Amino acid sequence: ALCLIVLPFIPASNLFFPVGFVVAERVLYVPSMGFCILVAHGWKKLSNRSVLRKISWVCLAAVLFTHALKTLHRNWDWESEYTLFMSALKVNKNNAKLWNNVGHALENEKNFERALQFFIQATQVQPDDIGAHMNVGRTYKNLNKTKEAEESYMIAKSLMPQIIPGKKYAARVAPNHLNVYINLANLIRANESRLEEADQLYRQAISMRPDFKQAYISRGELLLKMNKPLKAKEAYLRALELDRTNADLWYNLAIVYIELKDPTEALKNFNRALELNPTHKLALFNSALLMQESGDARLRPEAKQRLLHYVKEEPQDANGYFNLGMLAMDDKKDTEAEAWMKKAIRLQPNFRSALFNLALLYSQTAKELMALPILEDLLRHYPDHTKGLILKGDILMNQKKDIVGAKMCFEKILELDPNNVQGKHNLCVVYFEERDLMKAEKCLVETLALAPHEEYIQRHLNIVRSKIASLSAMEQSSLPADETATTVAEEKKNAFQNLKDVKNERESTQSTADNGKGHSKNKKRTEKNNMDKETPKKSTKEIKDIEKKRVAALKRLEEIERILNGE
């Protein structure tokens, strides 16, 4: 019994050499067995003596009772990690690991403020504890105190062995301590001006341990951020030499190939990642997105299956349902697309792309009036959504005939972006619908100056100018030969006074109405006598010709309106 008590406890007692870990209950299991045997043996010896028999029973009962109470009390210490490690601190306050353990327990509960206090205490108990300083730095980072976090990481880094070129440190440096370089680099690379400094830290960690896989992965991510995809590719390939079964590495390599504009290789690496981990969520989502963006209809069924698998893994991510909707739109499955888009919006009511594309779907399927409430939601969340304003304006103008509402939409676009060609062009169409042709012409001229190579703007400008000319011709044909039409002629003449060639034609054909009998008399004096007989016939012929032109002009105007309304 004495051997069971003493011998198993000697290695963990720190009597002959430091063991490097806290004396815990697990090292007392076998000694406890020896203690129980010793108690039983002593009770047996005492109970065999008649004089001490009663005393032996009393002692045994007392031992069992007191130890039962101690066991019951100890059970409350095991309620949680926090209570367990706090009970240890009551016994020994000079062990840094105990302070760190309490800090970790509080950190797991997201109680970073209190966790920081215990981590700092651990550094005070053992100032050369690299892990304790790393814990302090990580907690400061979680509290968004980057300056203090960097200072703590720098202290931990200063405790690392000095680097000697060409020397390996795999045997001297604990792999967990090398994370100080990774953590410090991850912290400072948030500052765009310190990316090179972060890269130096990753290379420093690799030089100390060439098989440090996490350093290659983190450096690859940084090199991508630095727009160095070829070097990132080298880093990931080196990491794959160390571990070819890591799905994350294959996924990261696929992202590099996307940056290198090589979607075929990217898809191969996504597929490799999914072979190793069929539930790799990022690989499922991004590979499906790559298939969709390829435009290859043969890849759409597989893309759909991957997205369905993704939403099964991430049912609360609206992006999965949105991309399923986009796939359905590509396949012209409008009802299915509508259902997916609505599900995405239910999960994320302010989902910008889902709101706009659902409204666009309604617009493309002759359900424009159903699109308006969706556009209202979109513009409530994003008042500066230009495409949403354009689509809303088009629906108001073409479906609801709400010219005022459409005009407000297009004017809002130009407030946000005065050089927006589509918004300005649509505002010109509004002026046309308002029959303000002069303003429409001026607007289209300005729009054409913004986009001189857009053929449709030039075509519409020609149409408006043609309509102005046609209206001038119509005005000419509508005037009677008597003087009662003089007032109407003058008003129309003023409305189109900038069209000099049309005005001259109007004046020459209406000389009788404009100049009165004096002009007629002068005309009679200069012509031969037989002209008096031919004049009525000639006037009738001119009127008929003008009437034909007027009818043709009306047909042309109708065609112009159909064209403009349809654009």
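For all residues, glycine too, the Cβ spot is worked out from N, Cα and C.
Here is what TrEMBL records for this protein:
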| type | residues | note |
| --- | --- | --- |
| COMPBIAS | 496-508 | compositional bias 'Basic and acidic residues' |
| COMPBIAS | 527-546 | compositional bias 'Basic and acidic residues' |
| REGION | 496-546 | region 'Disordered' |
| REPEAT | 96-129 | repeat 'TPR' |
| REPEAT | 213-246 | repeat 'TPR' |
| REPEAT | 247-280 | repeat 'TPR' |
| REPEAT | 318-351 | repeat 'TPR' |
Distant-in-sequence neighbours of the repeat 'TPR' (96-129), which means Cβ under 8 A and at least six residues beyond its ends:
21-22, 80-82, 85-86, 88-89, 135-136, 139-140, 142-143, 159
Sequence-remote partners of the repeat 'TPR' (213-246) [C-beta within less than 8 Å, at least six residues beyond its ends]:
178-179, 181-182, 185-186, 189, 195, 198-199, 202-203, 205-206, 252-253, 255-257, 259-260, 276
For the repeat 'TPR' (213-246), what's the model's average pLDDT?
94
Could you count the residues of the repeat 'TPR' (318-351) that DSSP puts in helix, in strand and in coil?
27 helix, 0 strand, 7 coil
Three-state composition of the repeat 'TPR' (247-280), taking helix and strand from DSSP:
27 helix, 0 strand, 7 coil
